Amino acid sequence: MFVIKRNGYKENVMFDKITSRIRKLCYGLNTDHIDPIKIAMKVIQGIYNGVTTVELDTLAAEIAATCTTQHPDYAILAARIAVSNLHKETKKLFSEVMEDLFNYVNPKNGKHSPIISSITMDIVNKYKDKLNSVIIYERDFSYNYFGFKTLEKSYLLKINNKIVERPQHMLMRVAVGIHQWDIDSAIETYNLLSEKWFTHASPTLFNAGTSRHQMSSCFLLNMIDDSIEGIYDTLKRCALISKMAGGIGLSISNIRASGSYISGTNGISNGIIPMLRVYNNTARYIDQGGNKRPGVMAIYLEPWHSDIMAFLDLKKNTGNEEHRTRDLFIALWIPDLFMKRVKDDGEWSLMCPDECPGLDNVWGDEFERLYTLYERERRYKSIIKARVVWKAIIESQIETGTPFILYKDACNKKSNQQNLGTIKCSNLCTEIIQYADANEVAVCNLASVALNMFVIDGRFDFLKLKDVVKVIVRNLNKIIDINYYPIPEAEISNKRHRPIGIGVQGLADAFILLNYPFDSLEAQDLNKKIFETIYYGALEASCELAEKEGPYDTYVGSYASNGILQYDLWNVVPSDLWNWEPLKDKIRTYGLRNSLLVAPMPTASTAQILGNNESVEPYTSNIYTRRVLSGEFQVVNPHLLRVLTERKLWNDEIKNRIMADGGSIQNTNLPEDIKRVYKTIWEIPQKTIIKMAADRGAFIDQSQSMNIHIADPSYSKLTSMHFYGWSLGLKTGMYYLRTKPASAPIQFTLDKDKIKPPVVCDSEICTSCSG
């Protein structure tokens, strides 16, 4: 039996050679637990005549990954095999790889079709010796197997469907793409990215330095006008943004309701549902970034709109397909008055924006005055109990996980962009709160800090966090100026207001590394101090930029220009960790370069790349299933696996018990200190999760993607959660509602083939807003 080598030559299969290759990659691993011979034997079983060495490496990596539940070092070995395989298939020098990407010729038409931009190529050519010399390829081996496979699938650039970039090449491309001729800053960014202190968002990793360098994650639009022209002009904007891998939030509260008169044609409106069907089909049609992500939009509606009940049914699993839009996400932009009416079991008037104009343009007391005026004038379409609408909201959430909930008054009252006008919607992932109108499309560029990295020698390094945040601010601020904008209205908005969004990932990992239970007082205190530090560092960096370049165009009249910062709007006094008054004085003197700074996003894909838990979320399970080409296998929370292995507590009995309990360790006989630290999201009171969101909210000037997890949701549980979040002043009341599937049938065996832990889908989830 023979294998085909990379150079095309045939060679007889040699077991010893396969074993030797695997053994070479076991350096530094625990040799008491890692068995290269076992991996090699399984590889031999999968060999067929004419198999390539690339396929052998791929198989060996997958086999090693399947052994991860035996010891965490197998995950490292799997990644090393996969990375080593890529290194053998790609050129080493960064400059040569960039040259190949620039010189790409489309084989279909013979035209020069550069994948990277000419300016990127010029910079690389001028500084190639320096850039080539600072890249440290060993850092590629720091990715875990699934992080590396995520990079391979969507992030590393390809020529004719063959990957040509290594992870380090990608990171240097991103750094050069952002900083261009400022090589020292590019190298600083490269090192921080490659050491995993932070990551830029997926669109930045995809597109920085390329011919179409669209690096922004989020776009917020208002419907231009309640007319055929306005609706279809807005649709075109959405299509052009979606084409360039942007996630969309769209407010439609100004579109007339069904049954309303249309003066131009003397007809009757069909309302928002047929219109949204058109938007849904556009989302389905547009394929973003060459299959990197399908088109996605979140549609925002205020609950006074007469079509609200039909809107809440849009994602239901049953009913007339003509009234469903399964490819759009739905979200509610809820005024406080609605919550008060629900609380008091009052009446709620449903209105048409054509007959009751201006409701979407006002908030707070002004909204209440206008709404009650229309009620007194009997301009409403109908009156129902507020709780009837509320019940429909809850039922939709229990069935579909949506609509998302955002509080209109909190979003406007506590926004540093309040001086621009009324904010009418958020984005696809509910963390961006920015002003948009018919002439401006709001944009946000994102990045996320890997909080686990700042746990150094058993303590959290706040000073290092502040320093890294300041680099991120400078990077995101540069992206605003060099970005490729899909539509001019987006460029106008972004350059006028210059908002950015800094988020986090690995909060749960940081708590675990410090041995803090997620719901402990220590974790709650650290949660506040982390976000206080991020906000402080971001403000300091933005003020320093304003000192050099001037404040953003619409700074005058903002809260910050009057010495009011986000925590003031929450009536919160910061800790004594940072000296706020001198910073406020400096901001009064120089202003800020950016109107908004902090926005914790979901980080779905980038957290997977860096091997961290998502965003600010606790772990959802301590064991789950991964799907790969060779089948399914179990992955255990790496922190838990390591601590149990070190304490000689890990065995098949414990593994099967955790699998039988759906990823929980609370019913095992493990020590109580471990059980407390490794509670899953289902075992942590949601009230604590919401309270921690409010605690950090005082230092988040945009908002945060906050999921609610309730294993067995009910009307009363969800209502209680929503009203608690609203009472605490949250801007985002809920991103998704996550529930547990119905209980599995009684399990008669603990055999791993019979027990199915939760499956984690390996597809891209909200890559656009993934920081």
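Using the three backbone atoms N, Cα and C, a Cβ is placed for every residue, glycine included.
Here Swiss-Prot flags 1-92 as domain 'ATP-cone'. Residues or ranges marked as ATP binding site by Swiss-Prot: LYS5, ARG6, GLU11, ASN12, VAL13, MET14, PHE15, ASP16, LYS17, THR53, ASP57, LYS88. Residues or ranges marked as GDP binding site by Swiss-Prot on the basis of similarity to another entry: SER202, SER217, ASN427, GLU431, THR603, ALA604, SER605, THR606. Annotated dTTP binding site per Swiss-Prot: ASP226, SER227, ILE228, LYS243, ARG256, in sequence order. The feature active site, proton acceptor is assigned by Swiss-Prot to ASN427, GLU431. Positions annotated as active site, cysteine radical intermediate by Swiss-Prot, on the basis of similarity to another entry: CYS429.
Every protein chain shown contributes to the tally, and the Cβ of CYS429 (active site, cysteine radical intermediate) ends up with 35 other Cβ atoms within 10 Å.
Comparing C-alpha positions, VAL13 (ATP binding site) sits nearest to SER605 among the recorded positions ASP226, SER227, CYS429, ALA604, SER605. Comparing C-alpha positions, ASP57 (ATP binding site) sits nearest to THR603 among the recorded positions SER217, LYS243, CYS429, THR603. Remark: secondary structure over the domain 'ATP-cone' (1-92) totals 51 helix, 8 strand, 33 coil, with classes taken from DSSP.
In terms of local Cβ density within 10 Å, ALA604 ranks first among the binding-site residues VAL13, ILE228, ALA604. Looking at GLU11, GLU431, the binding-site residues in this record, the fewest other C-beta atoms within 10 angstroms of the C-beta turn up around GLU11. Rounded to the nearest whole angstrom, the C-alpha distance between GLU431 (GDP binding site) and LYS17 (ATP binding site) is 52. Cβ neighbour density within 10 Å is lowest for ASP226 among the binding-site residues ASP57, ASP226. Among the binding-site residues SER202, SER217, SER227, ASN427, SER605, the residue whose Cβ has the fewest other Cβ atoms within 10 Å is SER227. Around ARG256 (dTTP binding site), a 10 Å sphere centred on its CB holds 21 further CB atoms from the protein chains shown. Taken together, the residues in the domain 'ATP-cone' (1-92) have a mean pLDDT of 86 on the 0 to 100 scale. Take the CB of PHE15 (ATP binding site) and look out to 10 A: across all protein chains shown you find 13 other CB atoms. Most Cβ neighbours within 10 Å, among the binding-site residues THR603, THR606: THR603 holds that distinction in the structure as shown.
Each residue contributes its Cα atom, and for the residue listed as 'active site, cysteine radical intermediate' and THR603 (GDP binding site) those atoms are 10 Å apart. Pairwise Cα distances among SER202, SER217, ASN427, GLU431, THR603, ALA604, SER605, THR606, which the record gives as the binders of GDP, peak at 19 Å. Note on proximity: among SER217, ILE228, THR606, the binding-site residues of the record, the Cα nearest GLU11 (ATP binding site) is that of THR606.
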